[in-house]
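What follows is a single structure, written as structure tokens, with notes after it.
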Amino acid sequence: MTSRRKATESRSNAEYEKLLEQNEEGQNIHHETESRGLGSDRGNVMLLLLLYVLQGIPLGLAGSIPMILQNRHVSYKDQATFSLAFWPFSIKLLWAPLVDSVYFEKIGRRKSWLVPAQYLIGLFMLLLSPNVNELLGEGSDHPPNVAFITCVFFALNFLAATQDIAVDGWALTILSRENVGWASTCNSVGQTAGYFLGYVVFLALESKDFCVNYLGQNDSLVTLPGKCFLYFWGIVFCTTTTAVWLFKHEKDDSEVEIDEPDFGLIGTYQILGRVLKMKTMRDLILVLLTCKDRLALLSIPMTPVQVLLPFYISRYTAGPKPLNPFMFGYPLRLLLGLVFAGLVWLTPMFKAADGSYPLYYYGIIIVIYLIHQVFVNCMFVGVMAFFARISDSSVGGTYMTLLNTFTNLGGNWPAWIALRFVSELTWKSCTGVMDILSCDSAQEEKAGGGTCHTTVDGYYIESVVLMTFGFLWMQWGLPTIKRLQSLPPSAWAVSKW
């Protein structure tokens, strides 16, 4: 066994050295693949795009809820509570081996989980549609029940995370070997488009001001309750899932045995344990948990840029060094965090007497955010391409889920901490009343009859702290990334153990 493994590693190392030579000569592998084109994989790429778009819908919908809660004057602490609804994508590793190893052969390894998960998401939306206003406290004096809303969307995201496990695993085998890099592009483009539909499009068409001022309507075009947004997407989920179930067939048993050997439930969990014990994997996990920054809560609809950029960046993520765009974008993204903070601080200076802002102010925001999106996509596409290159397809769903889990976790814990403690880091003073001990809410200010003034905003404190941490992290993180990227494929393989 040892000699066989050494021989395998030697072959892998030799192949890797060849890839390095080709990359230095101009990334010949990528150009050769481009010349062949997608061929028979074109339909599979379109299917993956559709599945990732559907995956982004519930994520976008959940992302719109904090905006609605903010309009209901919900505190940042309660918004931090709701952010827990996104955690299924950070803990999906717990049930990923189950999705990878338990299935019905007649249905297919991936469709056994994909089909019921998407049907349940559709039914969930149909059932939620007539009751969502009551949950959000619309039309009543009672505040939203944030804890219950969090549980509801936690369940919805649990189903979406399960669908993600199945799609990620399917993406590694549904495409031919030379086109497997398209999986990361489908992921980036599809999720971005789905999130845009579920978040930006919904909030725009749900806004009465937007529909009246820009679309010439008398009222909002869509609403969450009734036979509108949730009802429509519930029908779409059920319809498309039926089509995938009936018309898209997975590989037959002989092909599955070659590409995806069945290790069983216990064996898959054992392989997961072995992966976590790998020194290279522990280093990569530490990078993923600490490299994220959440310095700005600003979001501008830049979907055309977010959709087109991954196609352009993919030419730089081909070959054995897909993380180079990540290392290029990280320090520049940190600097943009400081730019965002400065823009927020200067914003009151742009405000006109009637409360409006000039058009050039919005132009400044769009330009800065456009630059920000370039660096964000450089980092995301680079990481996803690296995951696709090192993942062992024999446990594809579990391996990709392991990597994506820690990527999501690395983004969720800074967001939760930032929202949770921004109020504590904000210093306020009250004038016109002596009995108010704090100005933590508009209700306290109104009840006391005074006026609260912000002396120091916690946003700026967090921006400086996280910026400093980011640049200190680079002293360890970037050399570690270079070392991990230079490892041969045998350093990541687990199926030969």
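From the backbone N, Cα and C atoms, a Cβ is placed for every residue, glycine too.
These features come from TrEMBL:
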type	residues	note
TRANSMEM	45-65	transmembrane segment
TRANSMEM	85-104	transmembrane segment
TRANSMEM	113-133	transmembrane segment
TRANSMEM	145-167	transmembrane segment
TRANSMEM	228-247	transmembrane segment
TRANSMEM	295-313	transmembrane segment
TRANSMEM	334-353	transmembrane segment
TRANSMEM	359-387	transmembrane segment
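Contacts between the transmembrane segment (113-133) and the transmembrane segment (359-387): absent, as fewer than 3 C-beta pairs lie under 8 angstroms at sequence separation of six or more.
At the 8 Å Cβ threshold, with sequence separation of at least 6, the transmembrane segment (145-167) comes into contact with the transmembrane segment (85-104) through 3 or more pairs. Residues of the same chain lying 6 or more positions beyond the ends of the transmembrane segment (228-247) and with a Cβ under 8 Å from any Cβ of it are 47, 50-51, 54, 57, 61, 107, 111, 114-115, 118-119, 121-126, 128-129, 132, 198, 202, 206, 222.
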